[in-house]
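The next block holds one structure in the form of structure tokens; read it before the comments.
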Amino acid sequence: MAGKTLYDKLWDDHLVKQRDDGSALIYIDRQLLHEVTSPQAFEGLRLAGRKPWRIDANIATPDHNVPTTDRDKGIDGIVDPVSRTQVETLDKNCDEFGILEFKIKDQRQGIVHVIGPEQGATLPGMSIVCGDSHTSTHGAFGCLAHGIGTSEVEHVLATQCLVQKKMKNMLVKVNGKLGAGVTGKDVVLAIIGKIGTAGGTGYAIEFGGEAIRGLSMEGRMTICNMSIEAGARVGMVAVDDTTIEYVKGRPFSPKGETWDKAVEYWRTLHSDDDAVFDKVVELDGSAIQPQVSWGTSPEMVVGVEGAVPDPAKEEDPIKREGIVRALKYMGLQPNQKITDIKLDRVFIGSCTNSRIEDLREAAAVVKGRKVAASLKQAMVVPGSGLVKAQAEQEGLDKVFIEAGLEWRDPGCSMCLAMNADKLGQGEHCASTSNRNFEGRQGFGGRTHLVSPAMAAAAAVTGHFVDVRELMN
């Protein structure tokens, strides 16, 4: 019998019942909740007279709607009435149903996909869901993690189970070592550039190879975070010493003998040598440059040394039309050099790149430099109150402020136009977030996806520049 993939092992460990129609009931170990996709789920419980099946399996925090300034005012500092109501409703629901919530004034508050791992609420081998498509982030820990819809949030609250269909197995192997200045963000953008935004549809992607093994947990989280942008609901990395070291000693992590038993199990969470994948994609990590997205889809990406494509050279009429439309929306010209793209704003943050390593990388680039006078704004938004505190302990906040960047409070911020942080029409933004479709960061806003180091380099020059030139 052929060996099992990591995904096969995780699926089998959580399988409650296989059904005749091909669907299956799987057990969920952890559910993360935020203010946008949970209100109707709680209301459904209320109307049915139900209570959460396992209260301690759920953790909540507000993130999408919270302001990143004036946080001392708490909920009263939320100007938009809809945003304020959503945060108030989360507080009310968690209080009523006894669910642990890191509220707006709690230092542990932050973006849901940042706080899970930093609290040790995300542990290897778990099945993890959240009403948010970027739940794939947690797969970096050898977890079966994916986003779900609001009705499914209610289902998990009520039963701790979920009806799913098993996906196919895909291995994305990044061979060789990454060059200086090349990060996990560049790797995942290069992967999406190669396989496209539908390349992973129907698959659970395991990321492997020397380049992936060499990444920190922060780098691996960035890659798994953007699995969904490659079309895959699930992305994962096998457990190794890096994983175990990161999890050790965190508030929700096991202790004592339980820890030893857990580690013994966690070390089995890798694909067997003879496991068979339905699809295998390989990349040369040493050939990956710092990446910049130029269009309105994450697959519209190119190395910083490259140029915007020329639609006249595209033979596929559908792709050609897509390039023409993207160029028009983005206000770019065919064959325009990436380094000639001028910027209006820079955003360093989001569930993709707002962890301490991301902030250290950005700070190293801006240290001793100043934000370009041509920029309207450059902002840094830490992913949680604890990330913010650690950054301030290391003096990173002073580095950013002295360079002219705004140092904000934690939240989803400018990743999406759901709070006060937005782009104006026609503005170009170097953003460390994960999506660049039309209007994502604000009506008419033009998003360029980059790493924190590349965003920092753009902040001090006013246009895209190869960050490796600033590192020498």
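Placed from the backbone N, Cα and C atoms, the Cβ positions cover glycine too.
What you are looking at is a predicted structure, and each value in this text was computed from that prediction instead of being measured.
Just one of Cys224, Cys351 is listed by Swiss-Prot for the same [4Fe-4S] cluster site as Cys412, Cys415, and that one is Cys351.
Those residues of the chain, other than Cys351, Cys412, Cys415, with a C-beta within 8 angstroms of the mean position of the [4Fe-4S] cluster site C-beta atoms are Asp63, His64, Ile111, His134, Gly349, Ser350, Thr352, Ser354, Gly411, Ser413, Leu416, Ser433, Asn434. Remark: of the binding-site residues Cys351, Cys412, Cys415, the most isolated position is Cys351 (fewest other Cβ atoms within 10 Å of its Cβ).
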